[in-house]
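Reviewing the structure listed below.
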Amino acid sequence: MKKPVDFFAMKENGEKITMITAYDYPSAKNVEQAEADMILVGDSLGMVVLGYDSTVPVTMDDMIHHTKAVKRGAPDTFVVTDMPFMTYHGSVDETIQNARKIIQESGAHAVKLEGAGEVVNKIARLTEAGAPVVAHLGLTPQSVGLTGSYKVRAKSAQEAQELMDNALAVEAAGAIAIVLEAIPRQLAEKVSKALSIPTIGIGAGVETDGQVLVYHDIIGYGISRRAKFVKAYAEIDETIEPALASYVKEVKAATFPEVKHSFTMAEEDLKGLYGRE
């Protein structure tokens, strides 16, 4: 299993880092078999798996439950778990307690926090306490309720400079990596070159030190709306839906199960059960 020191070396050597967001045992198993470097258990599971319209309703118990499943499916892969909405916006002590609960109960190797500002101090204190932290800048889904959209961030010079300053701040606080989401690729390149820690991009161009996409987006599974930055490497929905429809049709027509799908008893045992005629 790769560790933070390995990710630093990969950045130094120009080797791209691969991260995939997964939420359960079978998807994590697939990801580990594909030899991805990291798994993110994102609070996006609220929308992708649980059917919410945002990440806000996701709880720590949700994150722990899904991370435990991911760990069982990918025991040899570095796992990062999102701290959900409002679990790191209280006191430092509350933040440390919540991070400890997630790491101890789920087995995650690191936690991810969105934003900067007051979050920078939380990253520093978590790092001091021995909890590895991945930062997240740019589009931060937990803040969409305030910003009102999922649009590209940091397009103006002022916003770009603010993001650069925040990236340097979370690095100084001890973050082991930064997710850069939905920012101009030129800015992502500058940030990546300015930092000694790895940058993991999603909608941030190819110049970041690594990339992350959601498992479901990669395989084309259950996605009703596809973001511009997503590339689907398969279209699983195109095979799933007809397969399920065929099953329903065959059961209704009593053509499934066939004899080959059924178990039988020896004729002699049947006679013993029902009596001999």
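Cβ atoms here come from the backbone N, Cα and C positions, even for glycine.
Packing around GLU181 (active site, proton acceptor) is summarised by its Cβ count: 23 other Cβ atoms lie within 10 angstroms of its Cβ, all protein chains included. According to Swiss-Prot, the feature active site, proton acceptor maps to GLU181.
Annotated 3-methyl-2-oxobutanoate binding site per Swiss-Prot: ASP43, SER44, ASP82, LYS112, in sequence order. Here LYS112 (3-methyl-2-oxobutanoate binding site) comes close to LEU40, GLY42, VAL80, THR81, ASP82, MET83, VAL133, VAL134, ALA135, HIS136, VAL179: these same-chain residues lie at least six apart in sequence, with C-beta atoms under 8 angstroms from its C-beta. LYS112 (3-methyl-2-oxobutanoate binding site) falls within a strand when secondary structure is assigned with DSSP.
Positions annotated as Mg(2+) binding site by Swiss-Prot: ASP43, ASP82, GLU114.
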